[in-house]
Amino acid sequence: MAQEDSKAVAILANQTQYNEHLRSSEKKPRRFPAAFKHMKDDVDPFSAGEQGYFPSDEERMTLRRVPEKLSWAIFSIGICELAERFSFYGATQVFSNFVNRPRPYIDGHVSASGAAKHLNTPSGALGLGTQVANGLVTFNQFWCYITPLLGAYVADVYTNRFNALCIGVGFSMVGHILLVVSAIPTVLDDSHGSLACFIIAMIIMGFGTGFFKSNCSVLIADQIRFKQQTVVTLATGEKVIIDPALTLQRLYLWFYLMINIGSCAGELGMVYAEKWVGFWLAYLLPTLVFTIPIPVLWFGRNFYDVSPPNGSVLSQAVKAWGLVIRKNWSWNPVRLIRNAQSPSYWDCVKPSLLTESERRPWMGYEDVWIDELRRGIKACAIFLLFPLYWLCYNQIVNNLIVQAGQMNIGSTPSEIVSVLDPIFVIIFVFVFNTGVYPLMTKMKLPFTPIKRITVGFFFACAAMIWSSVLQHYIYIRNPCGNRVGDDIVINGNNCSTSYANISVWTQAGSYALVAVSEILASVTSMEIAVLMAPNNMRSIIMGVSLFTTAFASAIGEAFTPLSVNPLFVVNYAVLAGLAFVGGILFWIFFYKLDRKQEEMNLIGQQGSHETKEDSHSGREPSLSLMEKPHTDLHP
């Protein structure tokens, strides 16, 4: 009983009391393996944590800010993400040909595996046509970004992020195995059975992807040691601030690098596996790679910092938000807007400001959680305009591949060109991580999340302008004009085999601009989901962020009539206009939030409301500025 009481004290005590508890019990927190020394300007939390303290307002204005070093725990989770993206993109890259095209004939015999080998025709399997293939591919894309909401809910309410991640690995593994079964040559002989197996595999994989995506990107952020700004002294004698916002910025750049290394290798390898061996190998290799997370997660289970679930968190959030709306509602729109902009808008659900009779039974939280919830709802509002961005991004997986087929591509498969996107992302991650962001930090030019996302919209707009202009020249420089690639004959020219005398690598400009937009918008959206959400709702907010991708896929169906000749130029031009308008609206709606980014980042951080004298008053700084180790708080 005494041992349980000691653990309860550790959980309920504030940060300073927790340090006293550790010393009195002679327990030390379990540390992650040594940090990976990949940058010279970041700080090892274990060499700095013993002498840090929360900065004063003056120190926040004058001291240089640096991120902490990323531990091996973080990189091990990144390896799991790399393997999952290799498997996901590698398998889905060949979905279209698998469903669309029939098995080709080689030397008068049907290719048992569907491989085209030396033929100039694509590989195929089921031969169900373009309409069925596009329908299933679109459903898969939509399904895989709907299920993160379920995975996030289960993690934050019932299991925890680590367990939910393991559940996702299990679902995905079963789905991958069924994909391999659907592509076995003897199974392909029964096209209906193969299709049924394929659809079941796709649905199960969607569950796995949802549980994995909504929790992997949050679990990796949970491994950051410094959860709040901390002043430390470097070996050179310089005082700096370890800023968790900068740590998250760097972490998600590396995380996105892992995503794109995995997707690039998966897409590139499986296209050739499909062509020269067959679909069974194109599905088997991703399955084998997906076994990597199993031993990694098993080994890391004793090192990862895992937040326990809170079964009532979503219910509390919904009830609190609903009560706030009811208390501040007015049929007068002017008064309603004025109430919503009032600093006291959320006061009606802060327990410390309510009398005993006014407090509801479900208000088992502190005031600061309401401030964090308010910040998390603002994050969800930020995501509302993202479907306009994803509409542009989604062109690289459909219409830009069609555009590549209308150009001089030589012997290169048209799908290969889409690999330019992850290649450019890999390059630009190093450019931004080692050049752009550190330089702007050194010059004290805050490139805040709101600014980055706004610029990301404009880069997406530029990518669509490039594609529209290129499409215009494709129509000019081919014998069939704006019917290039269509199954018709014009002036004796078979348009289905005609193409413009323009190198397919001219598309590199579009992919480069999209890659920059991803680093600025997509990466930052993950950063915002973690930075602005309450700690016990991070997976849910991340799920909302991922849901915007599914919503964009649904909206994209409305643009299908523009995805045909001779309207491709109009298609890209319209999307460019939407991205430009989205960027303008995004800045108009959130520029005020941009000015308060620093203030919002400090919500919930110890000492954020204390005076400068308090920050130097001799309070325990060591682990008080770092998150309480999970392994010491829970049996």
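Glycine is treated like the rest: Cβ placed from N, Cα and C.
Pulled from TrEMBL:
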TRANSMEM  162-187  transmembrane segment
TRANSMEM  193-212  transmembrane segment
TRANSMEM  251-273  transmembrane segment
TRANSMEM  279-299  transmembrane segment
TRANSMEM  379-396  transmembrane segment
TRANSMEM  416-440  transmembrane segment
TRANSMEM  452-474  transmembrane segment
TRANSMEM  511-533  transmembrane segment
TRANSMEM  540-560  transmembrane segment
TRANSMEM  572-591  transmembrane segment
REGION    604-635  region 'Disordered'
COMPBIAS  609-619  compositional bias 'Basic and acidic residues'
So what's near the transmembrane segment (379-396) in sequence-distant terms, Cβ-Cβ under 8 Å and 6+ beyond its ends?
141, 418, 421, 450, 453, 456-457, 460-461, 463-464, 467, 510-511, 514, 517-518, 521-522, 525, 528-529, 531-533, 541, 544-545, 548-549, 551-553, 555-556, 559, 572, 575-576, 578-579, 581-582, 585-586, 589-590, 593
Top stretch among 162-187, 193-212, 251-273, 279-299, 452-474 for CB pairs under 8 A with the transmembrane segment (572-591)?
452-474
With pairs 6 or more apart in sequence, are the transmembrane segment (511-533) and the transmembrane segment (162-187) linked by at least 3 Cβ pairs under 8 Å?
no
Please work out whether the transmembrane segment (162-187) lies in contact with the transmembrane segment (279-299), by counting C-beta pairs under 8 angstroms that are 6 or more apart in sequence and asking whether there are at least 3.
yes
Do any residues of this chain, six or more beyond the ends of the transmembrane segment (193-212), have a C-beta under 8 angstroms from a C-beta of it, and if so which?
84, 88, 91, 95, 98-99, 125-126, 128, 136, 139-140, 143-151, 154-155, 164-165, 167-179, 181-183, 187
